[in-house]
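A.B. asks: First the structure, then my questions, so here it is.
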Amino acid sequence: LLSICPSYIFPCSPLITLHLKVPKKKMGTMEDHHDPYGHPGMDIEPGKTSPVAVPPPQPFFKSLQSSLKETFFPDDPLRQFKNKPRSRKIILGLQYFFPFLEWAPGYSLGFLKSDLIAGITIASLAIPQGISYAKLANLPPVLGLYSSFVPPLVYAMMGSSRDLAVGTVAVASLLTGSMLSSVVSPTENPKLFVHLAFTATLVAGVLEATLGLLRLGFTVDFLSHATIVGFMGGAATVVCLQQLKGIFGLDHFTQATDLVSVMRSVFSQEHQWRWESAVLGCGFLFFLLLTRHISKRRPKLFWISAMAPLTSVVLGSLLVYVTHAEKHGVQVIGYLKKGLNPPSLGDLAFNSPYFPVALKTGIVTGVIAMAEGIAVGRSFAMFKNYNIDGNKEMIAFGMMNIAGSLTSCYLTTGPFSRSAVNYNAGCKTAASNIVMSIAVMITLLFLTPLFYYTPLVVLSSIIISAMLGLIDYQAALHMWKIDKFDFIICISAYIGVVFGSVEIGLVIAVAMSILRVLLFVARPRTYVLGHVPNSICYRSVDQYPAAQTVPGILILDIGAPIYFANAGYLRERITRWIGEEEDRLKQAGESSLQYVILNMGAVACIDTSGISMLEEVKKIIDRRGLKLVLANPGGEVMKKLDRSKFIELLGQEWIYLTVGEAVGACKYMLHTLNPKPSSTDNV
């Protein structure tokens, strides 16, 4: 990491010298590397090769249309509508927004059997998790059940993933609870708190649907894998720490989420710890982890870990009921309202002075939930070899959260744990979400009184068990082996969440991701190229130590588009390469540098700042008595170089299709100007 910092920050600093060991090998003889196309060993007279073409001009609006299409429609979703009758186009349009119309006509009894089993299985997980995550968000437990009823029905009609199981998630629940609790107390003003949660859910849904409709799904890609691993791991750690309140049966607990505040709150109330609650919580946590271990060792027994949370709820409720543990310090859920979701349109707090907080909460939780849901959906789609459209998923997530906010639900997405159970249970279509919704509906109508004696410590155990799976330390170790910078991003996000807050961790995670992008953009790689023996290729001398440099010629490869963000760096870096090469040749007593070839193969585009940079580099090279040569420029680059008159300034004869042709032309000129080559030329 330290070795690349000088190149990023001081591209031409006289105080920092990178002692790059460029091989001093020369080109072999023409007999050694003879090539009929004039590549390594053959000299080529300038202007005698095929010229690099300038693409024919296109009308402005056609070019703009092409650019917008590549930006917003890379998958070309309108392709399926071409050459189709109007009736078929209408059907395809409806199927695009309502994917269930694709699989519903061919739905079979076999599919129903598989989806029925999967739906019942995930319902057994969704019910206890829904109650647990609602408590985590400082919301009434019944809202967790509401959120597992309406949103899955909407997703079943509009979602494109066959395996995603919709419901509440721990991280979004924690974010909702912590961000809203900073301005409204859930205990002193629970009604307003719930209304703000509904409003934040509506904001999140509108954001998600808008991004999907505007084809802006690529914005989610700015949250890198390292960022998500670190943030989710940190959030999972914070969630586990928050459950110490339930494990120890504490009545009062800090609203802060950082490690120091939580530990201080726990140990400052040591005299209030309830051993009955701790023993019960540790016992059920051991049971849940054991069932997960069994299911991992034997995937066919996935149903054991899937049924474990509901089993824990049932056993815990029976134990409390029989022993009257609620009278001995074990806290229970208490009364749960019976009935289906009541409408909540009138509860949206648009006129509240706290609406800005709900707006911020909706945006933050919406982005996190959207990124998690799309990532989970793509993961399982890859296993079954089908594709999902990220923009369509955004629309589905948005619509189900909009519908949820109007029916007393809070934020939902596609949690990994529930989706993994759905996948392992053998689901065939999104109809498994409908089965789950029906099971939750039956629970809301008839079974909610049975949860009265459910101990809160069991819910804490369920949450801890689910969160431990999100701390992916193996992925972090893998990043350390592969990319140290990714590891730093991951750890920074994790530390920010655990020792700061979820919001601080999220800001750090996004900032580190943007910094990584800026480093790639503003500090592109440049390499010295040499000829690889027994081939016609020119490659980096760092990657191929046996690659041979060409006497009197410096070949540089530019590894990124050239525009305003990196033009200054490239000018300074190219100048530094030239200076280092001249110093090396002088110290070695070899023939002086005459030509500088820039391989433009990776330069997909260039702007006016980039063209100005090339003009400045040409002036610098001319002042040193050298000649600038371009190789392999693309069509977009040639178009702009032609319009800016740079081709006329440089000379068409000094622009070549390949590096090999450019080297051949330079060698021809070297031999023409120096017909009696020195012994060091060896050609």
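Cβ from N, Cα, C; glycine included.
Bear in mind that TrEMBL entries carry predicted annotations, made automatically and left uncurated.
Quick paste of what TrEMBL says about this protein:
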DOMAIN    543-666  domain 'STAS'
TRANSMEM  164-185  transmembrane segment
TRANSMEM  192-214  transmembrane segment
TRANSMEM  273-290  transmembrane segment
TRANSMEM  302-322  transmembrane segment
TRANSMEM  394-413  transmembrane segment
TRANSMEM  425-446  transmembrane segment
TRANSMEM  452-473  transmembrane segment
TRANSMEM  485-515  transmembrane segment
A.B. asks: With Cβ-Cβ distances below 8 Å as the criterion, list the same-chain residues six or more beyond the ends of the transmembrane segment (425-446) that contact it, or say none.
C.D. replies: 99-100, 103, 107, 110-112, 114-123, 126-127, 130, 142, 145-146, 148-150, 152-153, 155-156, 159, 161-166, 302-303, 306, 338-341
A.B. asks: By a Cβ-Cβ criterion of under 8 Å, what residues six or more beyond either terminus of the transmembrane segment (452-473) are in contact with it?
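C.D. replies: 128-129, 131-133, 135-136, 170-171, 229, 232-233, 235-237, 239-240, 243, 245-247, 249, 277-278, 280-281, 284-285, 288-289, 292, 308-309, 312-313, 316-321, 325-326, 330-336, 416-417.
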A.B. asks: By DSSP, what is the split of the domain 'STAS' (543-666) into helix, strand and coil residues?
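C.D. replies: Taking each residue of the domain 'STAS' (543-666) in turn, the totals are 63 helix, 21 strand, 40 coil.
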A.B. asks: Mind pulling out the one from 164-185, 192-214, 273-290 with the most Cβ pairs under 8 angstroms to the transmembrane segment (485-515)?
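C.D. replies: By Cβ pairs under 8 Å, 164-185 leads among 164-185, 192-214, 273-290.
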A.B. asks: Using a Cβ-Cβ cut-off of under 8 Å, list the residues of the same chain that are 6+ residues beyond the ends of the transmembrane segment (164-185) and lie near it.
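C.D. replies: Contacts of the transmembrane segment (164-185) (Cβ under 8 Å, skipping residues fewer than 6 from its ends): 122, 126, 129-130, 133-134, 136-139, 144, 147-148, 151-152, 155, 192-193, 196-197, 200, 232, 235-236, 238-239, 242, 255, 257, 354, 357-358, 360-361, 364-365, 368-369, 372-373, 376-377, 380, 400, 410-415, 418-419, 421-422, 430, 432-433, 436, 463, 466-467, 470, 501-503.
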A.B. asks: How about long-range neighbours of the transmembrane segment (273-290): same chain, 6 or more residues beyond its ends, C-beta under 8 Å?
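C.D. replies: Residues 246-250, 305, 308-309, 312, 315-316, 319, 325, 328-331, 455, 457-458, 460-462, 464-465, 468.
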A.B. asks: For the domain 'STAS' (543-666), report the average pLDDT of the model, please.
C.D. replies: 91
